[in-house]
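As recorded in TrEMBL:
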type: DOMAIN; residues: 77-291; note: domain 'ABC transmembrane type-1'
type: TRANSMEM; residues: 21-44; note: transmembrane segment
type: TRANSMEM; residues: 77-102; note: transmembrane segment
type: TRANSMEM; residues: 114-135; note: transmembrane segment
type: TRANSMEM; residues: 221-243; note: transmembrane segment
type: TRANSMEM; residues: 269-287; note: transmembrane segment
Amino acid sequence: MQENRTKVLFSDRILKNILPYVLVAPVVIYIVCVMVFPFCWALYISFTDKVIGVEGKFSGLKNYIELLMDPVFQKSILHTFVFTGGSVIAKLILGIAMAVVLNEKIKCRNVFRSILLLPWTIPTVVVVLIWQWMFSDVGGVLNALLQMAGISKPVLWLSQPGTAMFSVILVNVWKGAPFIAISVLAGLQNISPEYYEAASIDGANICQRFIRITLPLLRDVIFLAALMTTIWTLNNFEVIWLLTKGGPSNATNVVAVYSYIMAFRNNNLSKAIATSVLFLPFMVLLINKVTKKSLEE
């Protein structure tokens with residue numbers, strides 16, 4: 001009897017110790033197969049001279065040195081930060097403004113909130129097609145408005161280096177600003193009206209209430225939304241590729257487009273992966289910031 005009881009206790013102890021590992025094992029296997037192994041493989045390929053369809057040989061830091069010395073890659077880094085910085089700042093300003101307006105008690109508020117979501121829900125390909133028509137120098141809406149304003153010569157929005165970057169930023173902002181607006185609007189609805197009532201009694205005007213009450217209380221929401229938007233914009237490929245393909249004259253060639261061209265036009269897979277690896281530490285830093293902020297909340 002005592003022996004059977006000892007065996008049962010021993011079995012329960014083994015099961016108790018092993019069960020957590022058994023339950024976690026599928027997740028660990030999934031992460032290793034989907035994330036760890038592909039990353040290690042990509043890291044190895046970046047140190048070779050691998051091209052698509054041909055076995056690569058180890059080449060050390062050659063790809064990284066060539067990338068850092070490549071003026072096109074250097075410009076693509078600059079363009080990436082210009083595109084990301086311009087997009088995120090514009091999205092924040094426009095998104096916060098839309099959220100503040102839609103938080104007020106106005107007629108058809110729910111209808112306007114639904115309309116606000118449309119740019120964010122429309123597929124990127126459709127968005128690009130709409131804006132390509134609007135940017136067109138023949139029958140485009142923007143050029144038609146400029147002609148009504150007295151400008152006779154149409155602007156080649158996507159074909160001139162001076163306007164191409166502005167154009168892709170404009171499209172990206174139009175599609176992405178609703179995310180900021182929705183996030184900020186959710187935060188605004190959690191702010192007690194008593195704060196504003198007390199501030200009004202003290203004589204604070206609309207601007208003072210916004211600066212001293214609204215912004216401080218929305219700081220965490222805005223920070224998290226800005227970080228998420230920054231990560232998405234840094235990785236944004238489809239808007240620029242569908243609109244300009246990195247042109248004209250590499251004026252909109254960001255790192256994502258540069259990597260794609262290197263891999264699928266030049267067939268230089270190893271250098272394309274090295275491009276992503278060089279940008280990885282910055283992305284990890286941003287993701288770490290988002291994760292910490294989410295855990296704090």
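Cβ coordinates are placed from backbone N, Cα and C, and glycine is handled just like the others.
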Look at every Cβ pair spanning the transmembrane segment (269-287) and the transmembrane segment (114-135), keep those 6 or more apart in sequence, and say whether at least 3 of them are under 8 Å. no
Residue numbers, six or more beyond the limits of the transmembrane segment (21-44), whose CB comes under 8 Å of its CB atoms: 273, 276-277
